[in-house]
Amino acid sequence: MLKKQSAGLVLWGAILFVAWNALLLLFFWTRPAPGRPPSVSALDGDPASLTREVIRLAQDAEVELERQRGLLQQIGDALSSQRGRVPTAAPPAQPRVPVTPAPAVIPILVIACDRSTVRRCLDKLLHYRPSAELFPIIVSQDCGHEETAQAIASYGSAVTHIRQPDLSSIAVPPDHRKFQGYYKIARHYRWALGQVFRQFRFPAAVVVEDDLEVAPDFFEYFRATYPLLKADPSLWCVSAWNDNGKEQMVDASRPELLYRTDFFPGLGWLLLAELWAELEPKWPKAFWDDWMRRPEQRQGRACIRPEISRTMTFGRKGVSHGQFFDQHLKFIKLNQQFVHFTQLDLSYLQREAYDRDFLARVYGAPQLQVEKVRTNDRKELGEVRVQYTGRDSFKAFAKALGVMDDLKSGVPRAGYRGIVTFQFRGRRVHLAPPLTWEGYDPSWN
């Protein structure tokens, strides 16, 4: 590069030198002597005068040539200096320091009413909470129950206590009078979630009821799955609950296992502010959780759920009068082994990868009749698949194997693409529709 620059400078210097001298010669030839105008007649008729004029021009030209030689010398010196200069490399660009985004603040919204046993819920949350700044606890109280209010107030600044202001009765259809509690719950949820997302302006929230106890890695679980929820539009929630999470139906040696499910589990669940903006304008007057399970709300989206639940319920008292608790909820196993989820690669839960691998695993497993699964025949097969072909066969096989047999808008509890996976007598079983399955039938209720 320097050689090209030097050659260019020499060429331009030579051109300028020749052109300048030609112009000077023409100028001196036509210029009159200093102090007197030229006489044309004198020059034409007097040889001596002509000789003197030529001598004068030659002297002037000699002086100018000296000046040009000096100019040419300066050009040469400049070129020599340029050639002798050692090129220096540009200073290396400073490496860009990666900016680690600040961790998201995810509040825990505790929905409370008239259970003073909310202390058990709050004690566990505060015991396992890794950071008060990253996981503020907001207790939203309905019902106006003073003993519960005092229990919440006793935690001081460790929690934020807000109160649902509308404690009035709700007008309900005559055949729904016994369900007024469900109407009040839906009203409370709407108000409390509105406070979290519109008043406090948090980007996400984990909703728990006041009768839930959390696992040691409850916060770690939601911290790790929050980025996945934000990044994958095919997901709309993360739940801490496995509807089929009874102790004999989970693999206790694999607490790190997570799944996608088309069924909305609730009972400790993470949602984003964007989802609340979608749901709030059409929030139902009652039975909000079953409303969430309808296809109009789910829109083909899934939730993440664990193999072993990160919450358990201890509240027999409630609007369901304890029946569901006695039959099912009290048997759900709560995880006790801390899993460092934030150190795990959870990309396998993204829809494309999950569907490919999960379906290959399920339909690659040998098919076995439900009777042989129940009697633990063909143990050498290991993981197996039990195939159902309709609503009635699903319910019959589910009851025979001990899994939840109810359906909401055609979706089985913990199901994904119609498949319910669980442990039975020490081996993995997939209760699955045919491979040609085309979607849920909302009439299966």
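Numbering starts at 1 and runs along the chain as it is shown here.
Including glycine, each Cβ sits where the backbone N, Cα and C put it.
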Disulphide pairing with Cys143 per Swiss-Prot - partner from Cys113, Cys237: Cys113
According to Swiss-Prot, the disulfide-paired cysteine of Cys237 among Cys121, Cys303: Cys303
DSSP three-state assignment (helix, strand or coil) for Cys303 (disulfide bond): strand
Average pLDDT across the topological domain 'Cytoplasmic' (1-6), rounded to a whole number: 49
